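Q: Below are the features I grabbed from TrEMBL:
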{"type": "DOMAIN", "residues": "30-340", "note": "domain 'UvrD-like helicase ATP-binding'"}
{"type": "BINDING", "residues": "Ala51, Cys52, Ala53, Gly54, Ser55, Gly56, Lys57, Thr58", "note": "ATP binding site"}
Amino acid sequence: MTRDEKIEELTEVLSAGKVFTQQAKERIEEKTDEQLDYILSPIDQCIYLEACAGSGKTEVLGLKAAYEICRWISRQTGIAVLTFTNEATATIADRVSSFYGKPVPSNHFIGTFSSFVHGHIAQRFGYKFYDIPGDRTDKSFRIIDSDTNPYGNQWLNNYRLEFPFPKQTIYASQLYYKGSCKDWFVSQGESTKSLTEMYNSVECQQYIAEIRRRKNAPYLFQLNYLKDQIKECKLKFWHDGFANFDDMNLIAHRCLRDEIICHFIAKKFPVIMIDECQDLSANELNILSLLITAGVTVHYIGDLHQAIYSFKDSCPALFLDHLTTHHFETMHLSQNFRSTQKIVDFSRKMGGIDYSISGSVESKCGNYDCCYVEYDDDEKDAIMAFTDMLNRFDIPINDAVVLVRTQTAKQKLSHGPSNDHKTHPIINAIQLWQQNEPVARQTALSLLAYQLQRWMGFHGKSNNYYYSDEVCPNVVSWRLLLRNILVELCSDPVMTTVDELTYGSWYSKNKERVISVIAHHLNTIGQDLPVITIRTPKGTAKQPMVQIVLPEEEQLCVETIHSVKGGTFDAVLLLSSPDARGKTGFWENWLKSDDESGRIGYVACTRPRYLLCWGVGNLSDDQRRKLEELGLAKLNNDTP
Ligand SMILES: Nc1ncnc2c1ncn2[C@@H]1O[C@H](COP(=O)(O)OP(=O)(O)OP(=O)(O)O)[C@@H](O)[C@H]1O
């Protein structure tokens, strides 16, 4: 088929029996040959569409789904279009209906993978395999979060894992199975641990040895016994009608091992399309394998170079095996509509991608599309240099982002008062509080807390308003206390007057009042302010007071890499941790393309349109050469 014939075929099918807007026509005409080829690809062949970053996956999937729905005849069967988040579902549903032009018939399903698995499989048929008590009319599973607190939910004691792990009680709700390594894990708070590793730990082995010795029973508590206990604990949980979120995939898998059920689902949804397929976990792939074997055609769209959810048990190697086992045909989208060619080339190199990708965005920053800046001790110096670049290239600060690897790094950069503000913490806190803007107010609270910490001698973290339980029972009351102090200080015009004053004169007018307001509020939480004297900081007495505003770098949005997956910005500062202790947040690890750390770096580097800047701690000559060979230009203070 020629390009024109492809466009004609698509337009004809989509416009049949309805008004087709000019805009919809133009959207079809702008599609590349690769995009059109996929949209018109056979629906009875399993296909993996390997789509590079910025290639318009969602638009293409939306158009493909709309095209197939238009051609669909049966009213009893349909297509399932699956994503991984509610937000992604809303976007894809919107694309499908904009091309389809009317509400999508209810025999088709557009939703998240889990809503499909829960609603159409596990909740519908699970009771057949786990005899949920007869007195329950509702045969569905109640989902119990793995972080449900056992202290407030005594009934969870019925589902304790009966195995002597030292100093630890494990509940069925906390157990989940990772299909990639065929092992059970326990999820408690932030941590997830393999039960086999816990069993083999020195502490556990010593504990078991002691029990064996005491009972004179050397055969007790073997690893197989632990595995049996896990199964028993889970089965009891399921039989009583409970399951955690991950269990639903195992229950669905059990249902699909029943041939009748599997063929029923395969008949109802003979075609399944999955966006962002690189995020599929091993257990989810196992479900899809059963459906494919029962005759379902699956289309995957995604980018394995962006697989960054190993914590959810997604694993590119397993995915590739799955494609081979089920004889998938691979197609490509290799035009990136998001970024300049330099950014595309650099990310392709760091991602170890072996096919060529073309970028479509015209450069704004010339030689500095891809650059790096070194910082000494303070990452904020890199932010400052980046902000200068934004100004020079006329990129609005709101269209730029600083990307970091962890929430902790994000908080540190978002709310910590800068050293400049710490010379006059109280004055600056008063000024920032009056600006009535969230970041300014958070910084104001933090500055006041910083001063109180110094006066009172307690220690807290800068990203948590220096809160310490030595002073206040909880962080909420602490924040409230800080707020009340600032409200009172700001209500006094003598405190807020800045014009024509020197710092020295402000301190002499206000120091007594500052102490009395703070002492009064501390008394409300049962604390005394030690006897202190406020002095004008050295060298500032004669300086005229200035009205401070937050420097621009503090208004820059700081985000974690995981939270911007799928997003687009004009400019990105990818900030490395100062050293390799930062593991996946350290720049050298972003160059390991076979590793998840490399993929995390790749996701970050493919977000910007015009400017990609790496912020790294001081480099050796060798390291500098390495970055420059890859295509990053060094940013000097006098650049460009
Ligand atoms: N044929 C096309 N012509 C022009 N623009 C296009 C075309 N196809 C897609 N685009 C645009 O390219 C941009 C990037 O698309 P999108 O954000 O969907 O990429 P993506 O494939 O999801 O990327 P990533 O995986 O990196 O998040 C969107 O603004 C989209 O409208």
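Cβ coordinates are placed from backbone N, Cα and C, and glycine is handled just like the others.
Caution: TrEMBL annotation is automatic and unverified by curators.
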Q: Name the residues of the same chain, 6+ apart in sequence, whose Cβ is under 8 Å from the Cβ of Gly56 (ATP binding site)?
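A: Gln35, Leu333, Phe337 - these are the non-local Cβ neighbours of Gly56 (ATP binding site), listed in sequence order.
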Q: When the Cβ positions of the binding-site residues Cys52, Ser55, Thr58 are compared with the atoms of ligand 1, which fall under 6 Å?
A: Ser55, Thr58
Q: Within 10 angstroms of the C-beta of Ala53 (ATP binding site), what count of other C-beta atoms is obtained when all protein chains are considered?
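A: By my count, 27.
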Q: List the residues of the same chain that sit at least 6 positions away from Lys57 (ATP binding site) in sequence and have their Cβ under 8 Å from its Cβ, in sequence order, or write 'none'.
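A: Once residues fewer than 6 apart are set aside, Lys57 (ATP binding site) is near Leu49, Ala51, Asp275, Glu276, Ile301, Gly302, Asp303, Leu333.
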Q: For the recorded ATP site, whose residues are Ala51, Cys52, Ala53, Gly54, Ser55, Gly56, Lys57, Thr58, find every other residue on that chain with a C-beta no more than 8 angstroms from the centre of their C-beta atoms, and list them by sequence position.
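A: Output for this site, in sequence order: Val60, Asp303, Leu333, Asn336, Phe337, Arg338.
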Q: For Gly54 (ATP binding site), which residues of its chain lie six or more apart in sequence with Cβ-Cβ distance below 8 Å?
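A: Counting only residues 6 or more apart in sequence, the Cβ neighbours of Gly54 (ATP binding site) under 8 Å are Asn336, Phe337, Arg338, Ser339, Val344, Thr568, Thr606.
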Q: Run through the Cβ atoms and count how many others sit within 10 Å of the one on Cys52 (ATP binding site).
A: 25
Q: Where does Ala51 (ATP binding site) sit in DSSP terms: helix, strand, or coil?
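A: Strand, per DSSP.
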Q: Just counting, how many other CB atoms are there within 10 A of the CB of Ser55 (ATP binding site)?
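A: The answer is 24.
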Q: Same-chain residues six or more away whose CB lies under 8 A from the CB of Thr58 (ATP binding site)?
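A: Result: Ala88, Thr91, Ile92, Arg95, Asp275.
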Q: For Gly56 (ATP binding site), what is the secondary structure by DSSP, using just helix, strand and coil?
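A: Going by the DSSP assignment, Gly56 (ATP binding site) belongs to neither helix nor strand, so it counts as coil.
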